[in-house]
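Feature list (source: Swiss-Prot):
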type: BINDING; residues: Lys101, Ser102, Ser103, Leu104, Gly105, Arg106, Asp119, Thr127, Leu128, Glu129, Gln148, Tyr162, Gln174; note: dCTP binding site
type: SITE; residues: Gly116, Phe117; note: site 'Important for bifunctional activity'
type: ACT_SITE; residues: Glu129; note: active site, proton donor/acceptor
type: REGION; residues: 163-190; note: region 'Disordered'
type: COMPBIAS; residues: 171-190; note: compositional bias 'Polar residues'
Amino acid sequence: MLLSDRDLRAEITAGRLGIEPFDDALVQPSSIDVRLDCMFRVFNNTRYTHIDPAKQQDELTSLVEPQDGEPFVLHPGEFVLGSTLELITLPDDLAGRLEGKSSLGRLGLLTHSTAGFIDPGFSGHITLELSNVANLPITLWPGMKIGQLCILRLTSPAEHPYGSTRVGSKYQGQRGPTPSRSYQNFITST
């Protein structure tokens, strides 16, 4: 069940749904607008000949932070990682879904490629997979509205929420745009 504005406010007031910093003006009829943080991860195209999800490639991306008051310019065809300004904390019976903003989509900005789902139990900043599919560069301003977070109530609490030792929660507690840890999916125990 998708939570309404009144349910979202009630969950935040009760301390069950964490959104820091919280601004009530960002609450929409069935979502909460989230804003863009000031850090980005750009791909180092000259360090590797290809991307291998099975290998740890620490130098695949570099952290970039525009100077105060300056935007980040995303050029046509480029893909970078960003993150939400807000720290999101979900209890074991609420899940999240991050969607892009329609106004930005109409400019050619994609907010996420595939990872729009947030498991119950997650706590951290949401990493954004930002792509420019337009023919012109797009300026990304830290603090701008970048997406909308929808919250869904589960039919029962998750038995093993994200962050529990059984799940293997690679991104729990992440701060800023966090690079892929897909290589951990290939690690086998002997």
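A Cβ is built for glycine as well, from the same backbone N, Cα and C atoms used for every other residue.
Shown on the structure are the features that Swiss-Prot records.
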| residue | record | DSSP class |
| --- | --- | --- |
| Lys101 | dCTP binding site | coil |
| Gly116 | site 'Important for bifunctional activity' | coil |
| Leu128 | dCTP binding site | strand |
| Gln148 | dCTP binding site | strand |
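Every protein chain shown contributes to the tally, and the Cβ of Gly116 (site 'Important for bifunctional activity') ends up with 18 other Cβ atoms within 10 Å.
Neighbour list (Gln148 (dCTP binding site), Cβ cut-off 8 Å, at least 6 residues apart, same chain): Gln28, Ser31, Ile32, Asp33, Val34, Leu98, Glu99, Gly100, Lys101.
Neighbour count (other Cβ atoms within 10 Å of the Cβ, all protein chains): 17 for Lys101 (dCTP binding site).
There are 12 other Cβ atoms within 10 Å of the Cβ belonging to Phe117 (site 'Important for bifunctional activity'). Cβ-based neighbour count (10 Å, all protein chains) for Asp119 (dCTP binding site) stands at 19. Close to Gly105 (dCTP binding site) in the fold, though at least 6 residues off in sequence, lie Thr111, each with a CB less than 8 Å from its CB. Residue pair Gly116 (site 'Important for bifunctional activity') / Ser103 (dCTP binding site) shows a Cα separation of 18 Å. Across the structure, Leu128 (dCTP binding site) and Phe117 (site 'Important for bifunctional activity') place their CA atoms 11 angstrom apart.
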